[in-house]
Amino acid sequence: MTSPHPRIRPEGTAPRRVRDLALAFGFEVTSPAPPHGADVVVSSVASDNRVVADGDLFVALPGAHAHGARFAADAVARGARAVLTDADGAAFLASAPGLVSTPVLVAPDPRAVLGPVAAWVYGTPADRLMTFGVTGTNGKTTTTYQLDHLLRALGWTGGLVGTVEMRVGDRVLPSRLTTPEAADLQALLAAMGEQGVRTLAMEVSSHSLSMHRVDGVEFGVVGFTNLSQDHLDFHGDLQTYFDAKAALFTPAHARRGVVVVDDVWGERMAAAARVPVATVRTRAARPGEAAADWTVTDVVPHGTGSAFVLTHADGRTLRTSTTLPGDFNVANAALAAAMVLEGGAHLDDVVQALAAAGGFSARVPGRMEVVGPGGDGNPRVVVDFAHNTDALELALAALRPTTAGRLVVVFGATGDRDKGKRPSMGAAAVAGADVVVLTDDDPHGEDPAAVRAAVLDGARAAQAVAREAGREVEVAEVAPRAEAIARAVRTATPEDTVLVAGRGHETIQEVAGVDVELDDRVEARRALQQRAGHEGAKDERTTTA
Ligand SMILES: CC(=O)N[C@H]1[C@@H](OP(=O)(O)OP(=O)(O)OC[C@H]2O[C@@H](n3ccc(=O)[nH]c3=O)[C@H](O)[C@@H]2O)O[C@H](CO)[C@@H](O)[C@@H]1O[C@H](C)C(=O)N[C@@H](C)C(=O)N[C@H](CCC(=O)O)C(=O)O
Ligand SMILES: Nc1ncnc2c1ncn2[C@@H]1O[C@H](COP(=O)(O)OP(=O)(O)OP(=O)(O)O)[C@@H](O)[C@H]1O
């Protein structure tokens, strides 16, 4: 069981009567009438006893490790005024000491009502924000940063929620999940409203949709980036994974949607949507394909990224750019622009805002982050979050055109996660790079050598095919990760590009269950400094594994 998220508690929530809550949702109340006939009131909601504070409604959820009802007595001791749970939890509580006069409300599936109940307690805070939610296998973080960048450029005080951090206006809070638990999310939205935040750009993971975390939020506009193999350890198969994401494009979660339809999964998402949807295509329509509502054209190199034109079927045209390299980052910026325009922003306002903001120039931590620009005898060093096959292919393809020498990639695969993608990640690295340095990513509880071996299998097979075709790719296995980064940067030539992929912004690596501090950007900078300090470093070739 992981530690709970640090608590965010809005100040101004009016106390709500528990019996009104029971009436509003049709919950049965199993405890005796409160003492002295007083009405029990709650003013906040928690689903983890370890963060309960005075005035909370404690929601005891069933879970894979434990039933939250086990912690109800402690929650009441910490100040919870009432408990909401399911029949199993209520049965457990019937004999729980210290709960004699605490109202226990019973719901068929508390996980599905936690969000709506928390929204009810906090006064449906999402309704007071312009809300944008983004789902998809890759691009959620980048697209939400670009959304927040544009919304702030339009003059709004923005809120951001996702993998890297949570922003409430100018405040930055740590993020433990891509999409927070429902009780935390509703409290965060209420706190945003109290602090004058008017817009929300939020990542919506498929896990969170499967686990009802965003129930109780009706997004104004939702966006779909793409779907490829990932998280099948949780969803089981690609269709189930797709269905989990498709739930976001239903009236329970959204008023309208924007879908990137560059591939079949995008077409399917647009067809499956049960809310009005605008489509975005970032490539030319193929024969027989319906024209998209928004089309990207004229993509050209521009600074560290690309300039592009986004045109609507009604003639509206936006000429802008993104500072992030790669065609996939054009797709992310185009999706962000289309979502804001579909949300009702006027084109002229968007054109002016982006012109003043230098286009989509958001710096997204660990996403194609240039740690060393190259020059002065150094290779270019880029840190990216690519941690699945699709992302790795695209990140390498994005860097190839601007690499005069060799393209070197340092990467690994995450332990205790989707194992199916490991061989294909190895193959993608060999297909896209000239030098492959295979190392650890985040082993979690798995044997790092076993994880590397699975990736190496795919790499070696692809290496043999490349050799047959007359293309020699160096493949080395170097652990631990810090040494792999150091070695790749040390042995690269000034014309080379080194891509360190998979962990991006992350600063903690879990090895055998122990958290180890490791930030790829710090390691890459250190290696560049050491390289600078050892002019004429001996030309140590990477051994071929
Ligand atoms: C697979 C998954 O998502 N598991 C989530 C699930 O865990 P679980 O079912 O094991 O819950 P549990 O630990 O048995 O706890 C049951 C209940 O008792 C409560 N509890 C538990 C312990 C305690 O001491 N006191 C207490 O009150 C818990 O708050 C919970 O309500 O319910 C827990 C609490 O509600 C979540 O914290 C936990 O997310 C874990 C931490 C997690 O790592 N989730 C990841 C996989 C996740 O959600 N990732 C996506 C992004 C995926 C991606 O795109 O990469 C995300 O949105 O972050
Ligand atoms: N539109 C896209 N299509 C494919 N790959 C992308 C796209 N955008 C980003 N990527 C790649 O995927 C990686 C992850 O990007 P980002 O963090 O924005 O996505 P994400 O969906 O938030 O990922 P996660 O859910 O794992 O946090 C990037 O580092 C990049 O390599």
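Glycine residues also receive a Cβ, built from the backbone N, Cα and C atoms like all the rest.
TrEMBL annotations: computationally assigned, not manually curated.
The domain 'Mur ligase N-terminal catalytic' annotation in TrEMBL covers 44-115. If you look up TrEMBL, you'll see 134-339 marked as domain 'Mur ligase central'. Per TrEMBL, the feature ATP binding site maps to G136, T137, N138, G139, K140, T141, T142. Feature annotation from TrEMBL assigns N6-carboxylysine to K245. What TrEMBL records for 366-504 is domain 'Mur ligase C-terminal'. What TrEMBL records for 526-545 is region 'Disordered'.
Of all Cβ atoms in the shown protein chains, 24 besides its own fall within 10 Å of the Cβ of K245 (N6-carboxylysine). Around T142 (ATP binding site), the C-beta neighbours below 8 angstroms that are at least 6 residues distant in the chain are L324, N329, N332, V364, R367. Taken as a whole, the domain 'Mur ligase central' (134-339) shows an average pLDDT of 94 in this prediction. Each of V134, T143, E203, T225, N226, N332 belongs to the same chain as G136, T137, N138, G139, K140, T141, T142, is absent from that list, and has a C-beta within 8 angstroms of the C-beta centroid marking the ATP site.
Taking T137, N138, K140 as the binding-site residues under consideration, the smallest Cα distance to the residue listed as 'N6-carboxylysine' is found for T137. Secondary structure of the domain 'Mur ligase C-terminal' (366-504) per DSSP (helix as H, G, I; strand as E, B; remaining residues coil): 60 helix, 33 strand, 46 coil.
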